[in-house]
Amino acid sequence: MDIVEQKKQVGKYAASLVEDKMTVGLGTGSTVKFFVDALAERVKNEGLDIIGVTTSNRTAEQATSLGIKIVDLDAVENIDLTIDGADRVNQQLDGIKGGGAALLFEKIVAINSKQNIWIVDETKLADPLGGFPLPVEVVTYGVGHLIELFAKADLHPVLRKDAAGETVVTDNGNYIIDLHLDQIENPVELADWLAQQVGVIEHGLFINIANHVIVAGEEIKVLDRKN
Ligand SMILES: O=C(CO)[C@H](O)[C@H](O)COP(=O)(O)O
């Protein structure tokens, strides 16, 4: 099964987990796109009655265009279930997210959710975490100095640009610095250090957040958090 088929398969599987009357967090990315498609099918064909809270303008536009009712996070007490993608996941179900530059809203939605499920293909499993740049969302002011600080700390920072060579600006008007690390041996320590740096708004290490990870493949595998 090719990667696109795997993403479709796992997106559809995740949509089958959504129950009537749920408030559902909708993540961001190419895998979540298939989940939102499948969820909208259920809304249309089965009359599934749900409310969505989104993590990016992209997902909000897709969901709204497909007839899913979207509300602001502050309009709900909490979220029953959030389905999101991930860039890398280790055996403890901690991960790297933010490849699609939506990490800030993704983390805010996640910590306000009773349950978080990530949907991935097998290429995303990595222990230790690594093999994918770690995104850090930063304020635009003084970004050059932050890049210097990260470089001195051997974190191999690169300011994210789009295909046209323009600096990527997030939905919140910030920049992304990608840290090109081969392996992250101690994600908790790095997460703590990053959170302490002035100018850092959020980083893409998602520790202790996913309750389950659904892995696409010839057979779907569901991994459960142990602690
Ligand atoms: O964190 C994310 C966006 O900020 C995505 O969930 C992550 O990048 C996975 O995306 P995809 O399903 O396209 O591989």
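Placed from the backbone N, Cα and C atoms, the Cβ positions cover glycine too.
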From LYS12, LYS124, LYS152, grab the residue that TrEMBL records in the same substrate site as THR28, GLY29, SER30, THR31, ASP84, GLY85, ALA86, ASP87, LYS97, GLY98, GLY99, GLY100.
LYS124
Whole-number Å value of the largest CA-CA distance among THR28, GLY29, SER30, THR31, ASP84, GLY85, ALA86, ASP87, LYS97, GLY98, GLY99, GLY100, LYS124, listed as substrate-binding:
16
Position of peak Cβ density within 10 Å, selected from the binding-site residues THR28, SER30:
THR28
Inter-residue C-alpha distance, LYS97 (substrate binding site) and GLU106 (active site, proton acceptor) (nearest angstrom):
9
Nonlocal neighbours by CB distance (under 8 Å) for GLU106 (active site, proton acceptor), same chain, sequence gap 6 or more:
GLY27, THR28, THR55, SER56, ASP84, LYS97, GLY98, PHE206
Taking the mean position of the Cβ atoms of THR28, GLY29, SER30, THR31, ASP84, GLY85, ALA86, ASP87, LYS97, GLY98, GLY99, GLY100, LYS124 as the substrate site, which residues outside that list, in the same chain, have a Cβ no more than 8 Å away, listed in sequence order?
GLY27, VAL32, ALA102
By the count of other Cβ atoms within 10 Å, pick out the sparsest of the binding-site residues LYS97, LYS124.
LYS124
